[in-house]
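Now, the feature entries from TrEMBL:
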| type | residues | note |
| --- | --- | --- |
| DOMAIN | 93-168 | domain 'PA' |
| SIGNAL | 1-25 | signal peptide |
| TRANSMEM | 193-212 | transmembrane segment |
| TRANSMEM | 250-272 | transmembrane segment |
| TRANSMEM | 278-305 | transmembrane segment |
| TRANSMEM | 317-341 | transmembrane segment |
| TRANSMEM | 347-367 | transmembrane segment |
| TRANSMEM | 374-397 | transmembrane segment |
| TRANSMEM | 434-453 | transmembrane segment |
| TRANSMEM | 465-487 | transmembrane segment |
| TRANSMEM | 493-512 | transmembrane segment |
């Protein structure tokens, strides 16, 4: 693959990578309790509910609902729950006494026209053993009490279900099928092992990317090679060397522009989210991922088989290419195409993570921070970007733009690929734990800088910065998941925790060691690297 085209692919896709800076888990739901009235009879913790369904005594796939802040709590095990037939209320909104027989059945009603508590009272007075409220969209909205609900005494479980689930039940019942339901709420583990594996993948990607340059340099016989320090050779040779490595330094103005461009891409995804738009990203991800996988595999093979890169051929347009590269590239393209064609199967997350990790390692070799001044600008902008699009955007757009994009609303079931994800192995609710590429790339640029700085300054492990920033990044991820747990699974802007734990650590350590000024201005003059994001 031609070096210029490879660099262009990575640079274009780098803008797409940073739009997904979000750590989240399965089954997020809107927080509809901002104005909720709390009382002794309306203070339930919101329970995710499993609905086991039988159609004409044949068990079908379970669906998910959300318990209300009032009413009876459901058992944690299916063995302790009872099975009841489903019956639609009449009128369907369940705002007045039902003319249909609800005795010993689970009543179904639509959302709207009256308070949730009134629907529950009507259903209970009709003899229902439970109430399912069908939402008018696919969200699981939190059903709460109002200030007028001061003396409610609801003793049946009340559960919100998605519109599609209600429509399915309605069609089955109108066709004459008998639908029976069993409701229970299994406990979710406090920590799933998937979080540990995701943590290891994120930290490992940054460590591997930081050490990768030394891995390559040692293979090329440049044991004293220093990526960060100015070269002794002539200016022309230095520029040529950087060009061969396809490396560029991000500058301060380029950092600001970069985050602005990322925000524009995020807004485009939010307003024009559709299956075809997602497929554009999937194609770009496959191109960038296969190119990154190609670069990583060729490097590893060259390290093991030192003479495998000697055989070369001349190809039209591409020029001189090694035989090794020609053999590896089709395999990488086939891997990416296979993932794209099977991205909805249970094991597709493996292919997505492999392509994503290879791409991020390659990008972190291409882009680098020259000093802490630029790092402060970039990470501060990313810090504000993440917080704004997760926590502030709901005040403008009535929902979190970042969460809506990550969730894939209006995308026809397709999801953006710029995430590392891993299934929740021991969670009865299933789903995935995820971390956006931006949450790895932004701090990863700083950690990689710390490694290069330590090498150029001949610092040891403990008196350097690389080890402490890596630990800080790991702690920041832990804090992210603590925040995720405390906010009931609501998507978290991971950079809210990662930036203070990385940028804050290097600034504090540099100040305590009296090296902050050197870190701040390091490499600010005499830099000869090309900078596509702005002139140095």
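For all residues, glycine too, the Cβ spot is worked out from N, Cα and C.
Predicted automatically and left uncurated, TrEMBL annotations should be read as such.
Mean pLDDT across the domain 'PA' (93-168) comes to 85 in this model. Counted over residue pairs 6 or more apart, the CB atoms of the transmembrane segment (250-272) and the transmembrane segment (374-397) come under 8 Å in at least three pairs, which marks the two as touching. Sorting the domain 'PA' (93-168) by DSSP state (H, G, I as helix; E, B as strand; all else coil) yields 16 helix, 14 strand, 46 coil. Counting Cβ pairs under 8 Å to the transmembrane segment (493-512), the stretch among 193-212, 317-341, 347-367, 374-397 with the most such contacts is 374-397. Take the transmembrane segment (347-367) and the stretches 193-212, 317-341, 374-397: counting Cβ pairs under 8 Å, 193-212 has the most.
Sequence-distant contacts of the transmembrane segment (317-341) (same chain, six or more residues past either end, CB-CB distance under 8 Å): 1-2, 282-283, 285-287, 289-291, 293-294, 297-298, 301-302, 308-311, 348, 351-352, 354-355.
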